[in-house]
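What follows is one structure encoded as structure tokens, with my remarks underneath.
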Amino acid sequence: MLRLLLLPLFLFTLSMCMGQTFQYSRGWTNGKRSFNAASPLLTTGHLHRGSELGLSDLYDLQEWTSDRRLERCLSQLQRSLIARNCVPGSDFNANRVDPDPESSAHPRLGNINNENVLYSSANVPTRHRQSNELLEELSAAGGASAEPNVFGKH
């Protein structure tokens, strides 16, 4: 009697586990099983919760757009860092005008940050002035330092 009860229960449990494994291996979750591009009201006349765009899909869409924005920002930062570090003799200014761009080893690197507000040539004197003011304040507050030329190295 006990075997007759346990055998169907075991088979049912096994089939449920196999079904869930199949669904998740195909990427099917509760919000993504069925997505109809047409409006659910137009196709059936009734609003079915299973065929509308779920909240999890909206969050995925927002994550995708923010990921694209973050990727674009990081690639712009990477290009600016490459432009600053790869050009020999650069004064940390990627906007300087090269007299002969065809003879330069890196013709594109001089114009990478023209549209970037943070690294525009208008901000360069302000940035140097701020760092010099900080250096003067630190040297005035610290008095005689054990390493007097720490900030001059950078």
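Using N, Cα and C of the backbone, Cβ positions are placed for all residues, glycine too.
Database features (Swiss-Prot):
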- 1-19: signal peptide (SIGNAL)
- Gln20: pyrrolidone carboxylic acid (MOD_RES)
- Asn30: asparagine amide (MOD_RES)
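Taking the Cβ of Gln20 (pyrrolidone carboxylic acid) as centre and 10 Å as the limit, one finds 11 other Cβ atoms among all the protein chains shown. According to DSSP, the residue listed as 'pyrrolidone carboxylic acid' is assigned to a helical segment.
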